[in-house]
Amino acid sequence: GVTFLAFGNGAPDIFSALVAFSDPRTAGLAFGALFGAGVLVTTVVAGGIAILRPFTAASRPFLRDIIFYMVAVFLTFTALYLGRVTLPWALGYLGLYVFYVITVVLCTWIYRWQRRRSLVYSMPGTPEMLSDSEEEPVSSNSYDYSEEYRPLLFYQETTAQILAHALNPLDYRKWRSKSVSWRALKVFKLPVEFLLLLTVPVVDPDKEDGNWKRPLNCLHLVTSPLVLVLTLQSGAYGVYEIGGLLPVWAVVVIAGTAVAAVTFFATSNSEPPRLHWLF
């Protein structure tokens, strides 16, 4: 949440700020865009989520994030007040973020350690049986409906069936239970979701198999780099011919197909490979 997701969310702000600072006449737009985005997230996004999906915020992490955010705003205000930004000042900004990430990691580690310790004291007879999955409180009203949808007879899916199911962005059970407006929005999103399934490999550590889909993950080795080279410089980079013989996209397809073939024949449908995390 404070590293990869934050970088992905802030990447457009980084590039727009670089472009704005390239010209002194538009440098003011950089600060306006950055603080405008910050205000939008803390007001419109947070308020919209509170209306659509009410939740209870964790008080201490929320207070910690607010304090760091206020410190960053105060540093920016001080720089604007002084009218100059020096190298130590800029490094101080980066150091503040590193300190923030370290603080989050340490707080999370301390919280989990205290929780495990309290659980061990409450259940002294079985300290070795405690796990992260057992630490979460389970409501007495909860029920695992997944048992009802398990097949009576076990059968092994073929490679083609695994690929077809993995590329299907529609959950038929959820489709039958949702409203007409949700279905209309889902139909609008289906093409985009299909393209994401076709190009973005997802490793899910919460699943037993890590979301390993052998045919789809092998297909990702071809489609993901192909989409990447056809996107760079509006496709001009992908059609560039190397030595006047082969275009870049053809080289990517050949190399990706070779790697995908090795991966396909070196793995199985039922068990994820040890290097699955590379996806």
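Cβ atoms here come from the backbone N, Cα and C positions, even for glycine.
TrEMBL entries are annotated by machine, without manual review.
Annotated in TrEMBL:
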type     : residues : note
DOMAIN   : 1-105    : domain 'Sodium/calcium exchanger membrane region'
TRANSMEM : 29-54    : transmembrane segment
TRANSMEM : 66-83    : transmembrane segment
TRANSMEM : 89-111   : transmembrane segment
TRANSMEM : 218-240  : transmembrane segment
TRANSMEM : 246-266  : transmembrane segment
Within the domain 'Sodium/calcium exchanger membrane region' (1-105), residues counted as helix, strand or coil by DSSP: 90 helix, 0 strand, 15 coil
Chain residues in Cβ proximity to the transmembrane segment (89-111) (below 8 Å; excluding those fewer than six residues from its ends, i.e. six or more beyond): 2-3, 60-61, 64, 68, 71-72, 75, 79
